[in-house]
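Novice: Sharing a structure, written as structure tokens. Questions coming.
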Ligand SMILES: O=C[C@H](O)[C@H](O)COP(=O)(O)O
Ligand SMILES: C=C(OP(=O)(O)O)C(=O)O
Ligand SMILES: [Mn+2]
């Protein structure tokens, strides 16, 4: 009898969720064989959740404190993860980079830093064009490893629904390693020096070393005073991705047995991209029905009205930590556009978490065809973000960055002074250019300076 009632409630919840199927879903692949998509969906539905509802709730609580100005969000990782790069070393180096950045920020701001990877599911990409042409040959654009392959051949570029299931398994093994690293002693703050090992020595590294030395001394001081440091042996680390591919997100959406609510168990936090945030579109409808913390990217054309309608749809209860706006305006526009948006939302009585993505508004393509960004533009947008919040009196609650722990040459500038000619030496991104390890640390030091001005 009880299970009968429960089943009905679950069915009702899924029926409400499935309202998205009648709406336009932008940026979806054209799958050649609908039967094969249905097969993958059944396969995904039968797999265990990747994350648990309680973890998503905990992240929502943490984000609520960031929205109140009591914590800071560090969200980062690849533009597009790939199955091939989901190796122990590459995952470890990205986690180490985020841990190092978090230490720099925590120490600078004297406040908790919430660590969220663009990891374990960041496999689907929206594209400006459905096709790519190279030397007269036109093929479908690469849409992320969850859809097709990066190699420029007809076979590789065909959308293959078996990739949905493969993506789940790669996410599971990535998340397993992240959990091992962050809970099994590797993220112990007493390892603060060890996280720097293995990276090429450079000025940002050296600056980090001296900060790590200060932290070490502080920890030894605390231990000598008899303070129990065991809380420092583990760290909370969450995973997030753009919830773009609804054929992946829907089968991983489950009923929380504690509450009967729906959670998208593919990641702790999911975000909606700039290209799919239409208020009447499928993505907004879908995510309005799951309880995870949700992000929405807002580009330079976003109006106060857009933001308020998104709040009403995605966060009608105005629950702290539920909604994060990730602004990506471009260095040249942020100072003009962001203050009005912040003020309009504040005046409507809403308090979302405001985060800056200083990457996506600053893209450019070199004459030789490399997608890149100038480190100086990224830093300029970051400063503009802090300025806008200072002007309006709202809280700049976090950063969202495309980065890698590898020593790649994808973004111009930084103190290594990567120039256009150097881009070719180690350009590995399959989508957007990422900050390398050193540029990521440099950025963290500069954000810490901005945060010091607030605290
Ligand atoms: O990551 C973001 C988008 O997928 C990317 O910026 C789109 O790039 P494109 O203009 O090369 O398609
Ligand atoms: C596609 C992305 O960003 P946006 O939606 O802001 O363009 C991204 O974060 O990789
Ligand atoms: Mn990107």
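Every residue, even glycine, has its Cβ placed from backbone N, Cα and C.
Bear in mind that TrEMBL entries carry predicted annotations, made automatically and left uncurated.
As annotated in TrEMBL:
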type    : residues                : note
BINDING : 79, 360, 402, 432       : Mn(2+) binding site
BINDING : 118, 274, 275, 297, 328 : phosphoenolpyruvate binding site
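Can you tell me where each of these features sits in the structure?
Specialist: Within 10 Å of the Cβ of residue 432 (Mn(2+) binding site) there are 18 other Cβ atoms, across all protein chains.
Residue 328 (phosphoenolpyruvate binding site) carries neither a helix nor a strand DSSP state and counts as coil. Around residue 328 (phosphoenolpyruvate binding site), the C-beta neighbours below 8 angstroms that are at least 6 residues distant in the chain are 274, 297, 298, 299, 356, 357, 358, 359, 360, 361.
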Novice: With every protein chain in view, what's the tally of Cβ atoms within 10 Å of the Cβ of residue 402 (Mn(2+) binding site), excluding that atom itself?
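Specialist: By my count, 26.
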Novice: Under a threshold of 6 Å between Cβ and any atom of ligand 1, which of the binding-site residues 79, 118, 432 are retained?
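Specialist: By the Cβ criterion, which requires under 6 Å to ligand 1, the hits are 79, 432.
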Novice: Which one, from the binding-site residues 118, 275, 297, 360, has the smallest tally of other C-beta atoms lying within 10 Å of its C-beta?
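Specialist: Minimum Cβ neighbour count within 10 Å, taken over the binding-site residues 118, 275, 297, 360, occurs at 275.
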Novice: Can you tell me how many other Cβ atoms are located within 10 Å of the Cβ belonging to residue 79 (Mn(2+) binding site)?
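Specialist: Its Cβ has 22 other Cβ atoms within 10 Å.
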Novice: Using all protein chains in view, find how many other C-beta atoms are within 10 Å of the C-beta of residue 274 (phosphoenolpyruvate binding site).
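Specialist: Step by step: centre on the Cβ of residue 274 (phosphoenolpyruvate binding site), count other Cβ atoms within 10 Å, giving 19.
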Novice: Of the binding-site residues 118, 297, 360, which ones put their CB under 6 Å from ligand 2?
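Specialist: The qualifying binding-site residues are 297, 360.
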Novice: Using a 6 Å cut-off on Cβ distance, which of the binding-site residues 118, 274, 275, 297, 328 come close to any atom of ligand 3?
Specialist: none
